[in-house]
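Let me begin by presenting the structure, written as structure tokens, before commenting on it.
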Amino acid sequence: MFGWIHESFRQLVTRKYGKDIWEKIVHMSKFELGTESEIAHYYNDDETLRLVNSMANVIGIPIEEIWEAYGGFLIQFTMETGWDELLRAMAPDLEGFLDSLDSLHYFIDHVVYKTKLRGPSFRCDVQADGTLLLHYYSKRSGLYPIVKGVVREVARRIYDTEVVMKVQERKQEHLDAFVTEHVVFVITQIENANSTQPKSISSKADSQIDLSTGIYEISSSDFSLAFPYHICFDPDLFVEHFGNFIKKTFPNAMRQETRVTDLLELVHPEVPFSYESIKYYKNSLFVFRLKGLGDIVHNANDEAKTVLLKGSMVFIDEGKYILYMCSVNVTTVRELIERNLHLSDMQRHDGTRDVIMLNQSRMSQVELNRTLEETTKKLKKMAQELEIEKQKTDELLCELMPASVADSLRSGKAMDAKEFADCTLLFTDIVTFTNICAMCTPYDVVTLLNDLYLRFDRLVGLHDAYKVETIGDAYMIVGGVPERCENHAERVLNISIGMLMESKLVLSPITHKPIKIRLGVHCGPVVAGVVGIKMPRYCLFGDTVNVANKMESNGIQCKIHVSETGKLNGLKANPSYVFIDRGNTEIRGKGMMYTYFLERNDRKSVWELCSRPRSGEQTIDGYMELHDQSIYQEEGGQQENLTVENGNSAQNNHNNNNNTHHSGRKLMNGSSVDPGSHHIRSPTCTIS
């Protein structure tokens, strides 16, 4: 169906029920929003029926009521959009209006929009009691309720009267190869209390004025000259006489020997060409195609264009003959050329001449509007695509730096470096990562890191910290930057417990056992700011970064190594933390430092910190599973004797062989740690 119908539906629903209801209807009918009501687009019937069925389901009213309401709104919307004067000028009464609907449909289809509408046909009969019988024919079954809404609204708005419509008969008729629905309505006028002068629905009962003043004879040759396209024929369809154009086109046509069907092929209305059909549709517009007349063919690829005649049937001599008064059905100069016709072929009083010349300017405007609509559609699509790309850019920018910093950069504000007096840093890496890289394919390494880092990222978001960056197997987060907070140490320590637990779920591609990680935590001041223009990064600088990195590199696998300041800040925020005293550890560049291992958080279980459900066979708090070493392969080497800090001095029997200094350690492919910042220089690619 024509896109105007879909646009009318959209206007009806949005005005009465709101935009949200229409969007639900569009979604249910499986249209992409914005493509469901393109005026210049032709939708197939299945798409329109799908839209109407969705309206009935969402709004909750029967489909017949949907069609009837649409019929009434269609007249309202049509009059609002520039067709008001045309509709009011069509006829002096409702009967004449209904008889003119066929020609109006044909005009809209073939002149205004040039679409392939399969519109209905109408004919009206006046009954002796003043009621009207409206015959409605349509190749689309079930749409007759539209007629009820249309007729009632036309009577109310144009003729200031109220009518009642009832279906008298509904049947299926076979016309040629089509099955046509034929519905007969009885239209009765009722009194309108709000109208002072209601108009009659029919003027056929008015008195006839005698205009006879004598007989003025005109010869057949003069008549053929005055009306070059006319054809007169009898009820048996034998030609009686015809105009000069027809005679020139068909020189072998003979009076009372040639049938009209030998010369013309009925195009509109779509009914069998017979005397009975002409009688039924006498008030309709008739369009014929001249048979066997294919005119100018400009090149081998052009299709032959036939001439169409458009006019009306007039019964003369008390119905003994039918006079088809018509003119050539062309509306543009291009159509004239394609049919080898000229303006001079038409009578000077023929309004078709004016239509052709006016259409030259109108068509350029219609084409401009169509181009504008298509351009607007493309611009909307481009705007949507641009918005999607903008969101992707924003997401990428937020991956490179905190959201607050990214917002400032997008707004064009200068971002100066800021000093943070206290924050908590965490570093983690994978034990024997170099060996894993040497023995596995790059794909396995990337899969391993992706699995691990997705788990870490979830924990960072869960506890509201910030991931600074990942390089290779090194993962760095910070609490208290860029948003200052009092419990930054608690957040990071909780994340470290979750990281250690989550790492047990990631398997090494070599041993197929859980990987082992080291974690280091330290608190202190840092300076943070955006570095770079083309590839901006949010970086942290200061000795705190170096010490936090040393906590990780001097730690022990599957342990959370915490500095003195890290422990103090953690207990200040949450006294329920339990630390194991490691004792003095020599840190390159810092000398001896007293450090600790984080054992547990008595306030929260591991399952709470990881935001994972506990299975029935697992312990309530999960710390036995957190420190379970049996899941790893047995390894040699003396273990540290660790004492839980309980107010007494702890004996540190730490084996110096396990206290190897890792500051400035070599990474894969010869890369090394820069002891002055968190940046790890590596010739390998960065995996984020």
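Even glycines carry a Cβ here, placed using N, Cα and C.
Per Swiss-Prot, the stretch carrying the note coiled coil among 358-401, 578-621 is 358-401. Averaged over the coiled coil (358-401), the predicted model has a pLDDT of 82. For ASP429 (Mg(2+) binding site), the same-chain residues lying six or more positions away in sequence with a CB closer than 8 A to its CB are GLY472, ASP473, ALA474, TYR475, ILE517, ARG518, GLU552, SER553.
ASP473 (Mg(2+) binding site) falls outside any helix or strand according to DSSP and counts as coil.
Taking all protein chains in view, 25 other C-beta atoms sit within 10 angstroms of the C-beta of ASP473 (Mg(2+) binding site).
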